[in-house]
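What Swiss-Prot records for C8-C61, C9-C24, C12-C57, C14-C22, C31-C38, C35-C50, C40-C48 is disulfide bond, and it gives experimental evidence as the kind of evidence.
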Amino acid sequence: TKSTTTACCDFCPCTRSIPPQCQCTDVREKCHSACKSCLCTRSFPPQCRCYDITDFCYPSCS
């Protein structure tokens, strides 16, 4: 598994529009470094998800 310093995503659904709208739906202890809109739960360990919408998917983390 890659670290969160490298932007990566295992689950990234995209719309069929042109350009596509993609969103990483991975839930991790923190968001990857390229994430601009990261929301985390207050649980321990935290569960974080990046809510950015891009026109591409990052490489797989695993």
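Heads up, the Cβ atoms here are built off N, Cα and C, so glycines get one too.
The structure displayed is predicted, hence computed values, not measured ones.
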Residue pair C40 (disulfide bond), C31 (disulfide bond) - Cα distance, angstrom, rounded: 9
Sparsest-packed of the listed disulfide-bonded residues (C9, C12, C38, C61) - C-beta count within 10 angstroms: C38
Alpha-carbon distance [C12 (disulfide bond); C24 (disulfide bond)] in Å: 4
Distance, C31 (disulfide bond) to C48 (disulfide bond) (CA atoms, angstrom): 6
Distance [Cα-Cα, Å, rounded] between C57 (disulfide bond) and C8 (disulfide bond): 8
Spatial neighbour of C35 (disulfide bond) that is closest, considering only the disulfide-bonded residues C9, C12, C14, C61 and their CA atoms: C9
Candidates C8, C31, C38 (disulfide-bonded residues) - the one closest to C14 (disulfide bond) by CA: C8
Neighbour tally for C50 (disulfide bond), based on other Cβ positions within 10 Å of its Cβ: 24
